[in-house]
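Undergrad: Attaching a single structure in structure tokens format; questions to follow.
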């Protein structure tokens, strides 16, 4: 398989993050802990926001959707990666690879849109507080979330279609730990220019667009906060914006580096490490940075603990 030019590939071999057995066992433990924290943190946020009526606000509505996206995002990649740490031959079928790539892109692109929506929500809350309730109505919030999911599905369909329409008849070894377009395009048997241009165009829409909106929102938030006379209030907003900005740098910085650069025929170890940030790390960080540090969420947790004690 994969040695005759007329034969289309039916499976791929993933090289993973390391070929050393002991290193793989260590990575298995590390990524298992990360995945368990991701699942626990995101499911906890979803449950709390759902059952606590005090958290039924636009901000937490968006956070609940972000947590669901993060849970699905991580689950699309990490369980398969964990199983590959424990085997010598890390294979994935062509259909399995295509499915993983499609859902990975749906979740990743939806998350990108949701992060932009959340920054807009904070912009309205801080810069236009008197108009917040009339601007961020329930209908508007639902439409923004639906728009985020639609954009995610659309970009995923475009990227997946252009990637999978190419013939794969040569080597079947992917120097990566999961299936994503930049890694798969390196194995294509034909010129990948059109596919690369499609990925770049979708990257402009789903990465640079939301990132620009986030920068615009936080620039206005910071300029408004500077005018606040209360030092405590200023410190609180700056602390929140700072932690949110860490997520933005991790997520958008790593994805833009991967998807907005010319595709080379080789994938180095540094590229795989960078992929870990947007495919694994941010899904774990989001619930802790956006929600579990939040005063409202902490109070909701205390109320539920008291309720169960009774």
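Backbone N, Cα and C atoms are what each Cβ position is placed from, and that goes for glycine too.
Residues or ranges marked as transmembrane segment by TrEMBL: 25-49, 61-82, 140-158, 197-216, 237-261, 273-292. The domain 'G-protein coupled receptors family 1 profile' annotation in TrEMBL covers 41-290.
Each of these features: where is it, how hidden is it, and who are its neighbours?
TA: Residues 17-18, 55-56, 60-61, 63-64, 67-68, 70-71, 74-75, 78-79, 81-82, 85-86, 280-281, 283-284, 286-288, 291-292, 297, 300-301, 304 of the same chain sit 6 or more residues outside the transmembrane segment (25-49) yet have a Cβ under 8 Å from a Cβ within it.
Same-chain residues lying 6 or more positions outside the transmembrane segment (140-158) and placing a CB less than 8 Å from one of its CB atoms are 58, 61-62, 65, 102-103, 105-114, 117, 120, 198, 202, 205-206.
Under 8 Å from some Cβ of the transmembrane segment (197-216) lie the Cβ atoms of residues 109, 112-113, 115-116, 119-120, 123, 151-152, 155, 158-159, 162-163, 181-182, 248, 252, 255-256, 259-260, 263, all in the same chain and six or more residues away from its ends.
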